[in-house]
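A short write-up of the structure that comes next.
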Amino acid sequence: SLGWVDVDHVITRKMQLIAEAEQLKPAFMKEVDSHFTEFVNSLVAKSALLDSSSPASLFPASSAEKELHKAKNSRAPPEHGKIFTARRSLLDELFEVSHIRTIYHMFIALLIVFILSTLLVDFIDEGRLVLGFDLLVFVFGKFPVVFCTWLCMFSATVVVPYNLFVWWAQGYSSSSHRAIHSFFYGMLFTLFQIAGLGFGPTYVAVAYALPPASRFIVILEQVKTELSVKRLQSVLLFFYFPLFPGTVHIPRISQYLYFLFAPTLIYRDNYPRNPTIRWGYVATKFAQVLGSLFYAYYIFVRLCIPQFHNSSQETFNLRGLVLCIFNSILPVFPLCFQDWWNSTSYANYYRTWNVVVHDWLYYYAYRDFLWFFGKKFRAAAMLSVFTVSAAVHEYVLSICFGFFYPVLFCLFSCFGVVFNFTLNDRRKGPFWNVIMWTSLFLGQGVIICLYSQEWYARQYCPTENPTFLDYLKPRSWSCHTKM
């Protein structure tokens, strides 16, 4: 007043305005995000309509599609739904934030510390600097067998399914019995999947006694290939119900080959790509893969294996089991999952932690189940997808480890199903994010601990002339009685 300015009052008022702005910021950002999401969804929907009228499709054009959409309970064409857009990797975007990039640097520094620790311990114990990779050499052993198996699988996947599809498509239009025509080629597809992709790789993994990591390469490639060719088989089953007259568009062999290498299980004739290959970016990601491999190696060698080695030589008891589970939680957990960390519900977690497999299960399992049985059976469709996924995961672990110990199946098909229905999308807020993290930590510890104990128990307590039941009974429960 009277030309004088109350500085304290101005500063106080400024702080109040800043505080009010901070309080309004979340609501403002939420509103902006909501409108932006609606705009993007509208744009994607319009793009999908344009794409569906394009001739570059595995199915005939508009007239047949109109007939399809008129039937309420008809099966939607497989190319409807998943739309691929050009976008940056989530991690690339996060690493632009200095705080996130610092966390990434901390992990690199920790890897350097692991390497120095190994060098110093070996120097003290043996008097020389040596980086022993005995475990790494063992788990990735018999690589020539692995490479030959993969080459045979890949060659068969390129030649057999594609040619079957071409022969089917060429004879479909002129066939007077299209349902029988599609059924015949569908059966040939099924025989190839069972004999060529099913029995063959499994026999090689078991008969040649491949070590664990080599088995994982063969079996995971087997599962990936099975899911990939399932796309072509779904087309045959789709045309088994003769809804579409006319000819069928046949993809070029180059398009099919690119699909087999693309990081997706959903087929499209074309995917969005960068105009040029960024070789520097490729080299960086390749180095990160190698770094993650060595990271996992040093964590297991320094932190996990001593724990499992000692616990496997002790009497099986509740105290040792609890200690083993909690000692198995933190060391390997950061290496196993992807962009799921903000999830407050298991429903969202299952959708985001492995998008590639989730997309396949949703479009080729869940939606087909609803198409066949009706939309009233959504819960049954979800349970069937959980059961199939749990069974496939358990099959992979059983073949790769050489024993049947359905820990993952029980956790996934029991606790996973319960959490999916109870911790659903209605759960919001930090509390539910903490609950999800806690349950995942405990589940990870149980899986790592029990499978590792069983692995070492079968090394320390081998069975002469094992029967089929010996592969089913947990050896870790009784191994101490034989030692």
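Backbone N, Cα and C atoms are what each Cβ position is placed from, and that goes for glycine too.
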Given ranges 185-209, 235-259, the stretch to which TrEMBL attaches the annotation transmembrane segment: 235-259
Cβ-Cβ distance under 8 Å to His393 (active site), same chain, at least six residues away: Leu408, Phe409, Phe412
Stretch with greatest number of CB pairs under 8 Å, the transmembrane segment (403-422) reference, 103-124, 144-168, 279-300, 434-453 candidates: 434-453
